[in-house]
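K.L.:
Dumping what TrEMBL says about this protein:
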| type | residues | note |
| --- | --- | --- |
| DOMAIN | 18-162 | domain 'Aspartate/ornithine carbamoyltransferase carbamoyl-P binding' |
| BINDING | SER71, THR72, ARG73, THR74, GLN98, ARG122, HIS149, PRO150, VAL151, GLN152, CYS281, LEU282, ARG309 | carbamoyl phosphate binding site |
| DOMAIN | 168-319 | domain 'Aspartate/ornithine carbamoyltransferase Asp/Orn-binding' |
| BINDING | ASN180, ASP240, SER244, MET245 | L-ornithine binding site |
Amino acid sequence: MSAALSSVPANTDKVGPRHFLDLKDLDAATLRQILDVARSMKTMQQNRRFPLHPRRPLAGRMLGIILSKPSTRTRVSFEVGIRQLGGDAIILSPGEMQLGRGETIADTGRVLSRFVDALVLRTGKTDSLQTLAKWSSVPVINGLTPSSHPVQILADILTFEEHRGPVKGKTFAWTGDGNNVLTSLIEGAVRFGFALRAATPADMRPAQDVLDWAKAQGGDVQWTDDPKAAVHKADCVVTDTWISMSDSDDEAAARIAKLAPYQVNTELMALAAADALFMHCLPAHIGEEVTQDVFEGPHSVVFDEAENRLHAQKGILAWAMGGADWASFGKE
């Protein structure tokens, strides 16, 4: 960091921007209200001929979306969401900015804050998100980091409640790798009051500080290396891809072999509740973490889940960008 930059204080305004970085950063009541507003806006959209919000509450507002990793759902859902609320979006990648030529993420945040009203960051470096939020004077939203994926979990909870009613008191099971989605699912379990049984190989278990946080918060979160124990009578079974974009062929083969016992197949789903849902944040690798019959079967809600990225994120945009009147976004 340059001497000039280090001499300038980061954004420390007590009434600073509403960053959406991790579920644990927000209290349960706020997260519930975000989902309630999201659900209301979805209903409003379904009851109208056109998908645009009738009041265009974010008219004239600009969302900057920084994508340092390839994206389908994150890019499209945020871009469509801000436009349905009356605003607009600009898509940015490090290779198209000076960020890709050595400009710091701190300086990038300070500059972009002069041009846009909020920023979404999808990044391969967790510290980039924290730095961007520290130096940005507009809201920063976590579109995905290696550590967490909070927007996905809000979409998952919205989906579950559409199909099965209130999530509080229900039981979710995770089987596979202890990755960023699982970390956010743990935080979601604590904040929304559902139980979570996570099954991973011992050397892929969730970070201990995440489990310790959940315990300290009174959450009902348990880890096991036995997928059958995790899935037993669960109301929802969740998994994710086993292979990272950065894995070599040899690394991918080793991970597939190690995680094979954690595949979600009909035998494993049979251990869950009779009306259990199956979720996957996509993209899926059929035949690896899930079989075709489960992915396309009656338990699967993966495409409802994908659609609800749009609606959940509109709730987040309302909260982050809508000011004191943000909850009214759910009303015509």
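Any Cβ shown, glycine's included, is placed from N, Cα and C.
Predicted automatically and left uncurated, TrEMBL annotations should be read as such.
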K.L.:
Rounded to the nearest Å, what's the C-alpha distance separating CYS281 (carbamoyl phosphate binding site) and MET245 (L-ornithine binding site)? Just drop the number here, would you?
P.N.:
15
K.L.:
What counts of helix, strand and coil residues does DSSP assign across the domain 'Aspartate/ornithine carbamoyltransferase carbamoyl-P binding' (18-162)?
P.N.:
72 helix, 22 strand, 51 coil
K.L.:
Restricting the comparison to the binding-site residues SER71, ARG73, GLN98, HIS149, VAL151, which residue's C-alpha is spatially nearest the C-alpha of ASN180 (L-ornithine binding site)?
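P.N.:
Of all the candidates listed, HIS149 is nearest in space.
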K.L.:
List the same-chain residues at least 6 positions away in sequence whose Cβ sits under 8 Å from the Cβ of ASP240 (L-ornithine binding site), in sequence order, or say none.
P.N.:
GLY176, ASP177, ASN179, VAL181, LEU182, HIS280, CYS281, GLU289
K.L.:
Highest Cβ count within 10 Å among the binding-site residues GLN98, ASN180, SER244: which residue is it?
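P.N.:
When each Cβ's neighbours within 10 Å are tallied, ASN180 tops the list.
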K.L.:
Specify all same-chain residues, apart from the site residues ASN180, ASP240, SER244, MET245, whose Cβ lies within 8 angstroms of the center of the Cβ atoms of the L-ornithine site, ordered by sequence.
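P.N.:
The answer, listed by sequence position, is PRO146, ASP177, ASN179, VAL181, THR241, ILE243.
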K.L.:
Please work out which residue of VAL151, MET245, CYS281 has the most C-beta neighbours within 10 angstroms of its C-beta, and give that one of the binding-site residues.
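P.N.:
Compared across VAL151, MET245, CYS281, the most Cβ atoms within 10 Å surround VAL151.
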K.L.:
A 10 Å Cβ contact count, applied to the binding-site residues ARG73, HIS149, ARG309: which residue has the minimum?
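P.N.:
Fewest other Cβ atoms within 10 Å, among the binding-site residues ARG73, HIS149, ARG309, is found for ARG73.
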K.L.:
Round to the nearest Å and give the CA-to-CA distance linking SER244 (L-ornithine binding site) with HIS149 (carbamoyl phosphate binding site).
P.N.:
14
K.L.:
Could you state the whole-number distance in Å separating the C-alpha atoms of MET245 (L-ornithine binding site) and GLN98 (carbamoyl phosphate binding site)?
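P.N.:
Distance (Cα to Cα, whole Å): 24 Å.
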K.L.:
Across all chains shown, how many C-beta atoms besides its own are within 10 angstroms of the C-beta of SER71 (carbamoyl phosphate binding site)?
P.N.:
18
K.L.:
According to DSSP, does ARG309 (carbamoyl phosphate binding site) sit in a helix, a strand, or coil?
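P.N.:
Reduced to three states, the DSSP call for ARG309 (carbamoyl phosphate binding site) is helix.
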